[in-house]
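These features come from Swiss-Prot:
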type     : residues : note
ACT_SITE : Asp72    : active site, proton acceptor
SITE     : Phe15    : site 'Important for substrate specificity'
SITE     : Gln73    : site 'Important for substrate specificity'
SITE     : Glu158   : site 'Important for substrate specificity'
Amino acid sequence: MGLELPLVLGTSSVFRREQMERLGIAFQAASPDFDETPMLGESAPQTALRLAEGKARSLTGRFPGALIVGADQVAWCDGRQWGKPMNLANAQKMLMHLSGREIEFYSAVVLLNTVTGRMHRHIDKTVVVMRQLDELHILRYLEREPDAVYCSCAAKSEGLGALLIERIESTDPNALIGLPVFRLVDFLKNEGVDVL
């Protein structure tokens with residue numbers, strides 16, 4: 001494949017690691033050390049891109065001479081940003097609120113070449129329309145898909161979360177999982193990495 005610089009995925013997300021593994025190229029995952037608190041007045045796409053860039057930049061000291069991938073996703077609905085519920089009670093409340101609503105997911109990916117300083121950036125917008133949900137269906141879903149509490153809006157689309165979704169509009173179906181793979185492949189090619 002001719003990969004000269006090591007490839008590092010800056011994430012603690014098991015879902016993003018799985019997405020990278022499916023590409024079949026050698027990489028190392030490393031947890032970034034970066035404050036992910038949204039800034040006041042920041043739009044969802046701005047937050048996603050700032051966090052993706054920050055994650056990549058936070059790893060430059062540990063991985064000089066590398067290609068570093070940073071990614072983040074921010075959901076937007078009802079005039080505010082939504083994150084990961086992180087526990088069952090929050091997931092139940094979140095899914096009840098989002099029932100029947102349209103959610104915009106902004107998935108940002110960056111590729112930083114630490115040798116040249118060049119950074120490739122992209123934000124992918126995915127629109128998800130949730131089905132009308134009741135408490136019983138939400139409880140059953142969360143019992144069968146416990147990892148959903150670690151997903152944005154508790155909607156694990158690559159698993160049983162697909163049952164909660166009425167419609168998805170996207171140019172890259174991978175972006176909703178957390179990593180816009182189509183654009184990442186382009187970025188890697190631009191840096192001399194052929195994934196095939």
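Heads up, the Cβ atoms here are built off N, Cα and C, so glycines get one too.
The number of other Cβ atoms within 10 Å of the Cβ belonging to Phe15 (site 'Important for substrate specificity'), over all protein chains shown, comes to 17.
Its Cβ placed at the centre, Glu158 (site 'Important for substrate specificity') has 15 other Cβ atoms within 10 Å. Of Phe15, Asp72, Gln73, all annotated as recorded positions, the residue with the shortest Cα distance to Glu158 (site 'Important for substrate specificity') is Phe15. Glu158 (site 'Important for substrate specificity') falls within neither a helix nor a strand when secondary structure is assigned with DSSP, and so counts as coil.
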